[in-house]
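Read the structure below first, then the notes.
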Amino acid sequence: MAKLLVPLVMLGAVAGPQRCPPRCLCPAAAPSPTLLCARTGLLAVPPSLDRGAVELRLADNFIGSVGRSDFANMSSLVHLTLSRNGLRRLAPGAFADLRALRALHLDGNRLPALSGAQLRGLASLRHLILANNQLAAIEPAAFAAFAATVEDLDLSHNNLPALPWEAVAAMASLATLTLDHNLLERVPAGAVAGLPRLARLDLTANRLRALPPVPGPPGPSLAAGGNPLHCNCELLWLRRLAGPGRLESCASPPPLAGRLLWAVPEEELSCRAPAIAAAAADPAAVLEGQPLRLGCAAAGDPPPALHWLGPDGRLVQNGSRRALRPDGSLELRVATLGDHGAFTCVASNAAGEAAARVHVAVLPLPVARGGGGGGGDEDGGDEAAGPSDMARAGAANESVRVVAGELTESSVRIRWSSPRRHGPGVRMFQLQYNSSLDDSLVYRLLPPSSRSFVLRDLASGREYQLCVAALYAPPAVPAAATRSLGCVRFLTPSSSSSSSSSSSGGPPAGCSAQPPRPHFVGGTVIVVIGAAIAASVLVFILILTARYKAAAAARRPGADHDRPPSPTNVASVCSQTNGA
């Protein structure tokens with residue numbers, strides 16, 4: 001029996017746990033389980049794959065997509081080849097189970113883009129070949145799973161106009177980066193400076209006009225031929241590396257066009273310092289809260305980079321109020337009094353820098369004289385009750401007044417009168433005031449029938465400046481669509497002042513007495529009614545008590561011996577006796 005079992009066990013070991021999939025070869029002489037399914041006309045990944053295989057070759061087939069379960073549970077796979085299949089789609093997580101995979105060949109397919117989920121799970125990947133696809137975009141998260149392990153990245157012969165250079169800079173083990181025959185127009189400065197193991201960088205046949213210096217010597221082997229390079233002083237480093245065997249050539253300037261870079265003398269690779277041709281503000285003067293644009297034009301070789309310094313001398317950054325445009329202009333969406341002064345346009349390149357000052361005038365919004373309890377500036381007399389300067393200038397003989405009242409720690413009621421001459425043409429009213437957190441402006445639009453508005457969520461102990469403007473329909477005011485009605489300043493009381501004023505028995509200074517709140521009046525009425533009901537019940541109880549005492553005194557024995565009993569009393573007594 002034992003002699004019969006031994007040959008059966010040996011036969012099972014040779015046959016393996018699974019048979020070879022149809023149209024595939026499984027060479028028994030291979031040092032590790034290998035599946036050769038190339039050039040067999042497969043339309044999809046065979047479902048009967050040996051999940052314990054170490055190498056799988058599926059090249060030169062017609063596999064158009066890879067699903068999530070095609071390579072599931074193949075945790076031993078080390079080498080996967082899917083070249084020249086016409087692949088168009090990779091499902092998210094298609095390689096999530098290939099934790100031991102070291103080489104992935106996807107070249108010669110039709111992949112249009114790479115997302116972060118498609119290459120998820122490849123924690124041991126060292127070689128990624130994506131050449132000869134149709135890649136036009138790559139997400140930065142696409143390389144995150146293997147950024148620490150990848151050594152060879154081939155993205156040549158694609159349609160990439162840009163690359164996620166931040167993700168490439170995180171590949172500490174990268175030795176070969178192949179990017180030839182793409183549409184790259186720019187390589188950021190320092191993009192490969194943090195790659196200590198980089199040995200070869202191929203940027204051949206792109207659209208690069210400039211190249212930042214690569215680290216060295218010794219540095220990576222660089223190939224950059226076939227690019228329309230602009231030969232100036234920025235390429236001196238490449239000229240010193242160039243030799244008779246290099247193919248980098250100049251496309252501009254015209255005197256150097258068509259010449260090989262290594263054949264151009266260094267003294268001809270020159271730069272021109274920037275010169276600012278024009279710098280102006282449009283418009284030069286605005287009211288507080290209005291937008292304006294600062295333009296700056298400069299020329300130089302190479303083209304200078306433009307940046308702006310504010311009136312305080314600080315570098316202007318993009319924000320909610322300020323925006324730097326690609327052409328170098330600066331847009332102030334909402335001008336403030338802090339923008340009043342001179343902005344400086346600075347143009348800089350490798351040859352030097354130039355600066356020009358642009359003066360901006362920001363006029364403060366006029367303040368209504370006489371706040372009517374709103375805390376505005378008061379000059380006394382009839383002048384204090386008049387309209388603001390803007391309203392007086394824009395609408396003569398028009399009495400418009402903005403008043404702040406019912407002031408509390410967190411709210412205020414704003415009232416204003418409507419302009420008489422253009423009342424029917426008012427489209428809406430606009431309220432403008434400073435924010436509770438900073439000096440940025442807040443806007444509120446109200447319907448034309450509004451004459452008052454309650455601002456809430458204000459900060460206690462903060463000074464506010466509020467202006468009301470009327471927005472007119474174009475036929476009503478052809479010259480200007482906006483007319484300021486007036487402004488007012490007010491100070492919200494602080495919490496400490498409110499508590500001290502309540503303890504002293506009077507309102508705080510600068511604040512008017514507040515009328516009783518509706519909920520306070522309702523509570524008072526309820527208390528009064530309850531007190532009346534309680535008093536009525538108490539009186540009723542007192543009356544019942546008095547009557548009870550009187551009746552008890554009347555029934556007491558001997559209380560009426562001196563008085564002869566009346567007939568009624570005698571009859572009552574007899575009746576009670578007979579009944580007993």
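Backbone N, Cα and C atoms are what each Cβ position is placed from, and that goes for glycine too.
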Listed range which TrEMBL flags as region 'Disordered', given the options 481-505, 556-580: 556-580
For the transmembrane segment (520-546), distant same-chain residues with Cβ under 8 A (at least six beyond the ends): none
Structural state census, the domain 'Ig-like' (274-361) (DSSP three-state): 3 helix, 53 strand, 32 coil
Mean per-residue pLDDT computed across the domain 'Fibronectin type-III' (396-495): 75
